[in-house]
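Input: a single structure, listed below in structure tokens.
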């Protein structure tokens, strides 16, 4: 297993390195970064399914939001489809780490698909909260990004009582009756910016003073701790490079967090070759992080490319240690 839990350390630690005396150029490497426990579980689920059942294995949507991971699995015999109905009758299908709605599971059952759910357990936790609060008669204000697979899957568990809040600007468009609704609670997508989410909550409470907080935070440990790690180095950086795909919510948020925390510039790249040499003009210190669905090999590629431009002194700045591991879906666990 590869995923690990993040427990904030009492003091930030770093590997000590001095800028090159010749160039003064330096890289600050944020830690933790990259794969989280939920992504580890999802990718290993697909790999184990290939070993157990052979190709092809069908996956609804992208198993995780990373181009390299998807392309690598496709080369091994994974077929990615938009909907369960696109898979042939009786095929093996894996649901992505982002979770699915009951309607998707019903669609898979109608085609007798051998479904394996690779949803991150932290996403499943939010699904269970939605179902519980729906059953208790609450209306739910769900903070998230419209069209994101996690949002669609989560809201599918309470179609009539869950209302999407996609940014502060969407608040005026919420149903008018919610102003008089006594049982009102907010929940959120797991991969949002912590600061942005709480800003939205503050605005919601101005409109809905009765709005209740959830019993626990929905933004996942990996998302939060990667943001903390970026904040720890951003102010020292002339440039921040985040490795991740444009459809990865948590990766995009890291770019935003870096800029808000003081980085002079920040870019998102899938691969090292996407780094534009012009970005490096006048730059002495570069910060590097990666989203929760990014394998470390892609970060290594970025470090190697930057070394070619004289950025060969690397200081890893660690703000937390990761120890969490999620078990595979039961059907793929080794027999005891």
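For all residues, glycine too, the Cβ spot is worked out from N, Cα and C.
The following features are taken from Swiss-Prot:
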- 150: active site, proton donor (ACT_SITE)
- 36, 120, 220: [4Fe-4S] cluster binding site (BINDING)
- 65, 98, 148, 248, 249, 250, 293: dimethylallyl diphosphate binding site (BINDING)
- 65, 98, 148, 248, 249, 250, 293: isopentenyl diphosphate binding site (BINDING)
- 65, 98, 148, 190, 248, 249, 250, 293: (2E)-4-hydroxy-3-methylbut-2-enyl diphosphate binding site (BINDING)
- 1-23: region 'Disordered' (REGION)
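Same-chain residues that are not part of 65, 98, 148, 248, 249, 250, 293 yet have a Cβ within 8 Å of the Cβ center of the isopentenyl diphosphate site turn out to be 64, 149, 150, 191, 245, 247, 251, 291, 292. If you compare Cα positions, residue 293 (dimethylallyl diphosphate binding site) sits closest to 36 out of the recorded positions 36, 120, 150, 220. Measuring Cα to Cα from the residue listed as 'active site, proton donor', none of the binding-site residues 36, 65, 220, 248, 250 fall within 10 Å. Taking residue 98 (dimethylallyl diphosphate binding site) as the reference point, the binding-site residues whose C-alpha atoms are within 10 Å of its C-alpha, out of 36, 120, 220, are 120. When the record's isopentenyl diphosphate-binding residues 65, 98, 148, 248, 249, 250, 293 are compared pairwise by CA position, the greatest distance found is 15 Å. Sequence-distant contacts of residue 249 (dimethylallyl diphosphate binding site), defined as residues of its own chain at least six apart whose C-beta falls under 8 angstroms from its C-beta, comprise 65, 145, 148, 150, 189, 191, 192. Spatial neighbours are here defined as Cα atoms within 10 angstroms of one another, and by that definition the neighbours of residue 190 ((2E)-4-hydroxy-3-methylbut-2-enyl diphosphate binding site) among the binding-site residues 36, 220, 250 are 220, 250. The number of other Cβ atoms within 10 Å of the Cβ belonging to residue 293 (dimethylallyl diphosphate binding site), over all protein chains shown, comes to 32. Neighbour counts were taken as the number of other C-beta atoms within 10 angstroms of each residue's C-beta; across the binding-site residues 190, 248, 250, the minimum falls on 248. In sequence order, 37, 38, 39, 97, 122, 123, 190, 191, 221, 222, 223, 292 are the same-chain residues whose CB sits within 8 A of the CB centroid of 36, 120, 220, the residues recorded for [4Fe-4S] cluster being left out.
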